[in-house]
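Lifted from Swiss-Prot, the feature list:
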BINDING   R88, R98, R122, D212  substrate binding site
SITE      Y129  site 'Important for catalysis'
SITE      K179  site 'Important for catalysis'
BINDING   D212, D236, D240  Mg(2+) binding site
BINDING   G272, S273, A274, P275, D276, I277, A278, G279, K280, G281, I282, A283, D284  NAD(+) binding site
Amino acid sequence: MKLAVIGGDGIGPEVTAEALKVLRAVRQDVEVTDYDLGARRYLRNGELLSDADFASLREHDAILLGAIGAPGEVPPGVLERGLLLKMRFALDHHVNLRPSKLYPTSTSPLANPGDIDFVVVREGTEGLYCGNGGTLREGTEHEVASEVSQNTRFGVERVVRDAFQRAMGRRKHVTLVHKTNVLVNAGGLWQRTVNEVAQEFPEVTVDYNHIDAATIYMVTDPARYDVIVTDNLFGDILTDLAGAVTGGIGLAASGNIDASGANPSMFEPVHGSAPDIAGKGIADPTAAILSAAMLLRHLGDEENAVRIEEAVAADVSARGDAQARTTEIGDRIAAALSA
């Protein structure tokens, strides 16, 4: 298994090291290539992502990312557009996958959260994030700024189909989240596509929520959800709320996936680089470890993905609110898997 590893910035290298430790506890065939990508490289020489980097990344089975970002040192948007989004578009990571699960001992801000266990399938290469927009008469009182939400039948259908396929392995329920009553063109395309693809999956029940209603239900009744499918912007917002109701983004893993398998998919914890605690050895690597489990599942190793997830669940339950150092958590989970 050839992995490209981008430790990145802040706590990224620390949590990624623990994820690799756990991966090696279940797989003896892990070959790693480290990549110096992120704010450190940009601040050192102004480079973000070269053609040579892309060519090399494509030679791997998957990519494991730690965190990217240096708030206050790099202007907003530079790393996001020049590195993360560039990689997403070039490697066709059209499925952004975000599982949300409330562990028994995790603290939810909800009084009665119920049994929360759902995934959000977010479209990753279209919508408002595709870079279709611009400004006119900038700096004047007549300035005009526009961002165009681009939605194609091809792009929408492949993500919707992915959501239905995932639902078949879960509780067989898909909820489309959009704003079809206002965004009638894009929303209409999404709704028609869901209706048509649903005919191929008669065992899967289908529901629809407006995005504003979905934010309410995610707080009042999150257990209603199994698989949510939505566009780029709505998915970005909704998944952060999902992280909050399940105990915070410290346990939130994600995958940026090319479902066709033509390019290596990338897996990462949702949290940022957290430069304020970098180097202190107190960052929680759990989300990075769960991202490694997602990576294995994507590559077809369901058995070891489940083993890691079960070991994480046991460790989270045992630790409760007790604080542990980054390496201690990785050591415990790796030891449990090696026993």
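Each Cβ is built from the backbone N, Cα and C atoms, and glycine gets one as well.
Swiss-Prot feature annotations superimposed on the structure.
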{"residue": "R98", "record": "substrate binding site", "Cβ within 10 Å": "23"}
{"residue": "R122", "record": "substrate binding site", "Cβ within 10 Å": "28"}
{"residue": "Y129", "record": "site 'Important for catalysis'", "Cβ within 10 Å": "21"}
{"residue": "D212", "record": "substrate binding site", "Cβ within 10 Å": "9"}
{"residue": "G272", "record": "NAD(+) binding site", "Cβ within 10 Å": "16"}
{"residue": "A274", "record": "NAD(+) binding site", "Cβ within 10 Å": "21"}
{"residue": "D276", "record": "NAD(+) binding site", "Cβ within 10 Å": "9"}
{"residue": "K280", "record": "NAD(+) binding site", "Cβ within 10 Å": "12"}
{"residue": "I282", "record": "NAD(+) binding site", "Cβ within 10 Å": "14"}
{"residue": "D284", "record": "NAD(+) binding site", "Cβ within 10 Å": "25"}
**OP:** By CA-CA distance, flag whichever of K179, D236, A274, D284 among the recorded positions is nearest to D212 (substrate binding site).
**Re:** K179
**OP:** Return the residues near R88 (substrate binding site), defined as same-chain residues 6+ apart in sequence whose C-beta is under 8 angstroms from its C-beta, sorted by sequence, else 'none'.
**Re:** G124, T125, N256
**OP:** Name the secondary structure element type, per DSSP in three states, that contains D212 (substrate binding site).
**Re:** helix
Subject >> binding-site residues near D236 (Mg(2+) binding site), in sequence order, restricted to R122, K280, I282 and a 10 Å Cα cut-off >> reply: R122
Subject >> substrate binding residues R88, R98, R122, D212: largest Cα-Cα distance, in Å and rounded to whole number >> reply: 27
Original post:
Once the DSSP letters are reduced so that anything not helix or strand counts as coil, what is K179 (site 'Important for catalysis')?
Top reply: coil
Subject >> Cα distance (Å, whole number) from K179 (site 'Important for catalysis') to R122 (substrate binding site) >> reply: 15
